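Scroll down for the structure; my scribbles are underneath it.
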């Protein structure tokens, strides 16, 4: 079923759709540079950048790789859980700079240390370079926390492509116990590179993220010989050792159904899962906070509650949020 858009997003979406139609009419060709420029423009819709006690750039060093990161802490002398954040952007776009306001808000709402990762992007660095960068940070994040106190709990989090990275690392951690991941937060995650779920068609036009753009992102991310089903986290094998998960879904998102199916698979494997659906929101609504402030406030609160909860609980059905 096609999603029903929140009325307060109608004007924004109308403008987006007109721009998409004009670009097609003018024969504008999609390029990585143009995609990155367009995503960066959404930064204008996140105008509130809260002050935070500690925010510094650094590098995590791994074998022949230096991964840029930004570290945030609302209370540098207090031992806080660590959230390692992987930004969205189709594996092609996004940056720690664009996600600076969001990571500050997560750190404040969850009272945690956030390590935001500037992983390598396609097509210059195709699959799995970015994922490997993120794994290197999960293994070596302590290198950049010498000036802040932190606890033992490690949570990975990400939106869209960042959610794909989280879910891939969670599967890797099943097989390699040296990769410590206690929880994961997936925000409208991309977990099915085959694009097989119904919502890809149902919500695949007119809601900002379009089916053709998803396909284009994946064509730039993968080499032709790679089996996209095998690479998709949705089709991985899960067991109860997968991390406790918060899965946030947007009802007007082409990726809606794959996120819901992923959560069902986790639950069937015996994993504690909390599924929250914002029924009238579009993909990337976190990036347009000025237009949907109430929904984003609730999103950050959900993340904060999940990061800090200590009791084990399983949410069996989606909890809708208007």
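Along the chain as shown, the residues are counted starting at 1.
Every residue, even glycine, has its Cβ placed from backbone N, Cα and C.
Annotated domain 'Alpha/beta hydrolase fold-3' per TrEMBL: 83-286, in sequence order.
The feature active site is assigned by TrEMBL to 160. DSSP assigns residue 160 (active site) to coil, not to a helix or a strand.
Within the same chain, residues at least six positions away from residue 160 (active site) with a Cβ under 8 Å of its Cβ are 88, 89, 90, 187, 188, 189, 190, 255, 283, 284.
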